[in-house]
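In TrEMBL this protein carries:
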DOMAIN    8-139  domain 'RDD'
TRANSMEM  14-33  transmembrane segment
TRANSMEM  45-65  transmembrane segment
TRANSMEM  102-125  transmembrane segment
Amino acid sequence: MAGMPPLAAPGRRVLARIIDLIIVLVPAGLLDWAAGGVQGNDFSYGRSAIGGVFTAGLGFLYEWYMTKADGRTVGKKLMGLRAAMLSDGSVPPQNSAAARAAILWLPAFCCSCFWFLIIGITVLFDKPYKQGLHEKAAKTVVVTAV
């Protein structure tokens, strides 16, 4: 990784992910609520499943588009981070951005919070590049933006 900016600090990565989750989950939740997916304490499971698919799809599109554009989601921009190709530090191309987004968001439909916990644990304990499963598959890392 000669010439590449330093790897991002875990705390900044967590804050960036929280910001990105809010950006995706708040509008998705409001749309689900407006569509009648949640009514009081009664949950409509069919609508909830559709809402889950919608949320995972929205998360995928958000992550894919922002990553392929300049390697930075809103959360990463605010935290001074960016995704980069492990090989040369360049902005991830469309296929790598799609792989990264798919592995991050699509399994979350089935096991939402648990999946993000698994991703977080892999980031914390991976050596030497601190990659989550989604980053390993896409051959990317998160670095400080210069």
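Keep in mind that glycine also has a Cβ here, set from the backbone N, Cα and C atoms.
Not measured: the values here are computed from a predicted model.
With DSSP classes pooled into helix, strand and coil, the tally for the domain 'RDD' (8-139) is 93 helix, 9 strand, 30 coil. If you take every residue in the domain 'RDD' (8-139) and average the pLDDT, you get 89.
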